[in-house]
Ligand SMILES: NC(=O)c1ccc[n+]([C@@H]2O[C@H](COP(=O)([O-])OP(=O)(O)OC[C@H]3O[C@@H](n4cnc5c(N)ncnc54)[C@H](O)[C@@H]3O)[C@@H](O)[C@H]2O)c1
Ligand SMILES: O=C(O)C[C@H](O)C(=O)O
Ligand SMILES: [Mg+2]
């Protein structure tokens, strides 16, 4: 008989106590949880799932950013697969080393070149792939053995890495584009051969490569592919905007079609979000051109206009053709010109939403929508507390990284977390269960709308625009079911068993296929 002191529930409480005894030392908590995952996976997921708001920021954003910065120093044991440029010509054999080939269904692949807003971290980006896959398991119900974290080592341009004697990756500068293309083509072919049932999520590639490889593979690869920073972020922000715009319009009396969105930051995330946010307008009957017209972009040089010489390809679509005055540079003057109802930050510029900027938004709008989405929290364009105080509690807020609720003038306010973690687990799970051949735009868009619809009345009454993190499994199930439905409509599904199921039956099917840890937490 198990002695009472070793009963599973006590071991759960004991492990939590050990974790919490580390106080504010979040990186140590990350290391503790990472070791726990390696020696008692069930306990790790039980703790994560039962304490999502507390543990998620430790294994994911923002602490995962610290873990990446320190990865070559805190590394204990490999948890994923590294594929290096030196493996070129032999990638298939490297992939075959992975022990659980038959079970593998989902991978997160990064090349470490743009980790959160922290820049090129090389193979120190591996914790991003690991953290995202932990959320695929806890958030959606993938079986742990079906997940494969991958970090590609194509060199690094970060001098800190190159000088660090403990750096785990290749000590060389990044290879050029032609060499990278050839490597990626071989890698993608090998992935399809070794893991024919896999769905590939690209993560934290630098902006040009993020767009390039999504375009290159999304229609042609033999396995389904999506880019989380472009499409996942687009989906999560569209969802938050759908709910925020209604709240804002209720206060202002403005039509939903009158919203205007100003973006600070025109990288893969900003442009990905804008493309998705366009469907907010087109779903209300606006033309593509009119929807695009509701969106303005600022990059490091100011308002993006079409007459700017040498404009990067991914910025051209949203470049304004209706402004011809002297270049507008400062955020504050651009707000005066645009008069936006919503301000989104994907700029990696800490504090860019200053008091002046936020107050201006509150003068223009009875309920301004302000989303500082840059990660980790140290790069957030503004803090929740600031946004509440500077708008006298009127702001509709979502940030990329988590903030705590804040009490202002006796009322408690809840920040939204506009982080792709709310959607990628459900989109991936739906895609894999449907055995989809491709991840289509409509699957992503509907995943987003399912998230927007998932708010409970209690959450709506509190003015929330995203569901509570404690409900992420339930919400991912709804997203996954909707994604399967759309995959069927678009005929990219291959799972005949699901074809005749109605929405209720699909939801039940997804629930039944979700994995849970066996450890009891209560
Ligand atoms: N919330 C989420 O779920 C989520 C998802 C993806 C990315 N992000 C975050 O978005 C940020 C951007 O990611 P990215 O891939 O687009 O990176 P990126 O580096 O390609 O883009 C940054 C953009 O910000 C602009 N910028 C830089 N300095 C500026 C300044 N002073 N003024 C105005 N614009 C400036 C750049 O010109 C560029 O257009 C990162 O912090 C990332 O963590 C958040
Ligand atoms: O990793 C995150 O927290 C979100 C996003 O994918 C990012 O790159 O910032
Ligand atoms: Mg990312």
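Even glycines carry a Cβ here, placed using N, Cα and C.
Summarising the annotation, TrEMBL assigns domain 'Malic enzyme N-terminal' to 37-218.
Proximity of residue 60 (active site, proton donor) to non-local residues of its own chain (separation of 6 or more, Cβ distance below 8 Å) is seen for 131, 132, 134, 135, 421, given in sequence order. Look at TrEMBL and you will find 60 tagged as active site, proton donor.
The annotation (S)-malate binding site is assigned in TrEMBL to 114, 375, 419. There are 25 other CB atoms within 10 A of the CB of residue 114 ((S)-malate binding site), with all protein chains counted.
Per TrEMBL, the feature active site, proton acceptor maps to 132. Classification of residue 132 (active site, proton acceptor) by DSSP places it within a helix. The number of other CB atoms found within 10 A of the CB of residue 132 (active site, proton acceptor), across every protein chain shown, is 29.
The divalent metal cation binding site annotation in TrEMBL covers 203, 204, 229. Neighbour list (residue 229 (divalent metal cation binding site), Cβ cut-off 8 Å, at least 6 residues apart, same chain): 202, 203, 204, 205, 210, 268, 269, 272, 420. When secondary structure is read from DSSP and collapsed to three states, residue 229 (divalent metal cation binding site) falls in the helix class.
If you average pLDDT over the domain 'Malic enzyme NAD-binding' (230-488) in this model, you get 97. The annotation domain 'Malic enzyme NAD-binding' is assigned in TrEMBL to 230-488.
Taking all protein chains in view, 26 other C-beta atoms sit within 10 angstroms of the C-beta of residue 419 ((S)-malate binding site). Using a 10 Å Cβ-Cβ cutoff, residue 204 (divalent metal cation binding site) registers 26 neighbours. In this structure, none of the recorded positions 114, 132, 419 sits close to ligand 3 with a C-beta under 6 angstroms from any of its atoms. Sequence-distant neighbours of residue 375 ((S)-malate binding site): residues of the same chain at least 6 apart with a C-beta under 8 Å from its C-beta are 61, 62, 65, 116, 117, 400, 401, 419. Counting Cβ atoms from all protein chains shown, residue 203 (divalent metal cation binding site) has 28 others lying within 10 Å of its own Cβ.
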